[in-house]
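Trainee: Below you'll find the structure I mean.
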């Protein structure tokens, strides 16, 4: 019977499977490494599909006539044919979308994105990460492929597609967070969280790629490219992703045992537990995570969405240079996130600092320092070199959050990481549409006015610093008491036993965890 049980040993495959080169190759690769690469590439592709339109819309829309009056108090370039810093007057766009319509298109993604956070947490508890994450990515990819057609048909279709993309993308975060509690041992969690920074690479690749494609193939090629990449990734995910070590057909017994001994929950137990929503809603540590990351998201989206407009309207870069300089800081930020997460793990494992203090330190680096740096950007004016250096440094530091408050989601409730993240994301992702919306209203008709941009940066810096104060007071790395829910969900098998009068045959659905992470039932 050993051949029928693929979980008892990494050598227990049927004879014909042992001969399969694919199984033999993947049998030597740690399953956690494969999961890291899937997580990293998944967020990379997801953010390519969500951010492609931020730069592409510049080329899609017909540019209005531009005044050739120049004032160095307003922007940092002179409109001359020979100037390398000249902002192009026309990108060949044909769509007659007003500024207000464009703001609706860009923000519609985040309307549904917020709604879907709680849905993602609930869906993951029931269906598992493989299905939720995979189907969400596929829906986003198909919508990207349809945007060129929708753009030339009716603007309402574009808004609808972006709405669907936002809803689908919102499912991915709680889905992947839930997987961390089942798969990743406590000593490795900060490092694994760096895989989420695949989104930084996604942003960093998308902007220069969009600039190149628009310049050489037109804006439609942007959506065909990102949509095709997303569809291909879904196939790889389907073949290699599994919801838990217990369901993985190629994991070694040694690795499976190591995971089991260093995690505080199992996939089966988590799916039978009732989510303690009341406890989550009244938990100050959960609120602290949501509120402090609201400030980080506000800063982040100032760079992601408003950044290209600043570089075009104030610094006067061409679309290709705009794409390159808008994306480059996010490439650097991925390397920084790996470093921050490694340092965080070492500080904890070597007992230099408590887990709580490490999370607070990294969160301060990701919010307080960037908050101060955006003040500096507002005063640097047309010192473009200094602006770009500060810009790069601020974006890079933001990634420390993935060894700070974002990793803290799993710390306080490993059994309910998906629902807790859904709760926190519902709070902090409000900043994803509020940040560009506030910037739009502050800059309306004054995109080339440096003093108007200074106001945008002031607001951004204050929000980042003030929201961190909440985390400093209520943030903690301790597992919360409600993580061990005593309520269970009636699975079909258990319900059948109860209704048949054989309730005495029912085994407990949840085995109570020990007093610490090392005691595994």
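Cβ from N, Cα, C; glycine included.
A TrEMBL annotation is a machine prediction, not a hand-curated record.
Per TrEMBL, domain 'Major facilitator superfamily (MFS) profile' is recorded for 38-479. The transmembrane segment feature in TrEMBL is assigned to 101-120, 163-184, 196-215, 221-240, 286-304, 324-343, 364-381, 387-410, 422-443, 455-474.
Describe the structural context of each listed feature in the structure shown, including burial, neighbouring residues and relevant distances.
Mentor: If you average pLDDT over the domain 'Major facilitator superfamily (MFS) profile' (38-479) in this model, you get 82.
Residues 31-32, 35, 39, 42-43, 46, 49-50, 108-117, 119-121, 123-125, 129, 132-133, 135-137, 139-140, 143-144, 192-193, 196, 243-245, 259, 263-267, 270, 409-410, 414-415, 417-422, 425, 429 of the same chain lie 6 or more positions beyond the ends of the transmembrane segment (163-184) yet place their CB under 8 Å from a CB of it.
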Trainee: Can at least 3 Cβ pairs under 8 A be found between the transmembrane segment (286-304) and the transmembrane segment (101-120), with each pair 6 or more apart in sequence?
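Mentor: Between the transmembrane segment (286-304) and the transmembrane segment (101-120), contact is absent.
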Trainee: For the transmembrane segment (101-120), find every same-chain residue at least 6 residues outside the stretch whose CB is under 8 Å from a CB in it, and list them.
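Mentor: Tertiary neighbours of the transmembrane segment (101-120) are 50, 53-54, 57, 61, 132, 136, 155, 158-159, 162-175, 305, 418-419, 421-423, 425-426, 429-430, 432-433, 436-437, 440.
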Trainee: Give me the stretch from 196-215, 324-343, 364-381, 387-410 with the greatest number of Cβ pairs under 8 Å to the transmembrane segment (455-474).
Mentor: 364-381
